[in-house]
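Quick look at what TrEMBL lists:
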type	residues	note
DOMAIN	43-149	domain 'Epoxide hydrolase N-terminal'
ACT_SITE	213	active site, nucleophile
ACT_SITE	366	active site, proton donor
ACT_SITE	423	active site, proton acceptor
């Protein structure tokens, strides 16, 4: 059931009382907070100049490469032999002005919230007789951007189904076209509050949320912060706060007696595979999270290099689009990048970071979220009670069974084992994600 009738400071579930996350307030602009804020919403379009493009070309032409190890694939990171092919395409075939026209095909705006100019897409569906239209916010993560949603937007807005969405896609502050915070402390809770203010400013009092990567945490925080506003929460990156004996018991027993710990056969396959739990869920994650430790501690040190070198930036970011799509891509010399994406799409995402100089501020988001023990954060110890839909993609970094997810998400309306796809669901498999989101919302709306 929806929770809008409950008191504004307390949620109840199964006779227990759980506090919501306080909304709070903040100011992230330069200097002191003024007495009044300008709440105007103004149109925005992406622009470029010949000078900007020429500077890019000159930097690309001066790139110094290192030869890769023989037969290394992507096991050591981005293979520089394939990198030269990507860079050649960037330098000689990629047309940034053409891609800007694609970026500008959807209405874009900015508005100042808590001292930051927040960028967002706002896409309304065409009017169709008898079609129900619901507001939906999509939130991206790192190293993504709002461009991740350009494939899924027409499936959500220009649909012949009985249901369509009016979609708002904000850029996280410090990412792409949204202004970077000037002060320390801007974490997922601050982003959640800013995005609630954005929806309120646009005139929405109830809406659906969808997110992956950081977008998953931000939208979850939004549901914990103002559940009366969130009609439903749909996630394609799942998290659990289960720990201690409960998890240990389910890991030890689950492979042999899955029904005893609430696992399905598919959970067993995804959790243990042919290599065992530790290899798949501990050692593999350790191999893939070195970036997280760097960005969660000293983002400005590593950031200054990739902010100065476009080729360094491309290698650093595109390696994630390879490995997080499928761990097996590490064995390929080209990283399997063009199996799910086009080079033009990948480079457009890179150019959003490059032209805005936002890679360092995007990396700082990790530092802000890991400054304190995440186990002690209020949101980690607060349940999510709004209707929730979970889409478990098989190549996501880590699989979370529904029995684990219930420890955090107390009102799961749908849990889907997606047939294919990895971390960048909207970018990789837009139709699958759109269909799952639609079936979830229909369940909530009782359509």
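Every residue, even glycine, has its Cβ placed from backbone N, Cα and C.
Curation plays no part in TrEMBL annotations; they are all automatic predictions.
Model, not experiment: these values are computed from the prediction.
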Integer Å value for the Cα distance linking residue 366 (active site, proton donor) with the residue listed as 'active site, nucleophile' is 12
CB neighbours within 10 A of residue 423 (active site, proton acceptor), counting all protein chains shown, number 22
Taking DSSP helix as H, G and I and strand as E and B, the domain 'Epoxide hydrolase N-terminal' (43-149) has 37 helix, 24 strand, 46 coil
If you count the other CB atoms within 10 A of the CB of residue 213 (active site, nucleophile), including all protein chains displayed, you should get 22
Restricted to the domain 'Epoxide hydrolase N-terminal' (43-149), the mean pLDDT of the model is 97
Students should find that the Cα atoms of residue 213 (active site, nucleophile) and residue 423 (active site, proton acceptor) sit apart, in Å rounded to an integer, by 8
Around the Cβ of residue 366 (active site, proton donor), other Cβ atoms found within 10 Å total 20
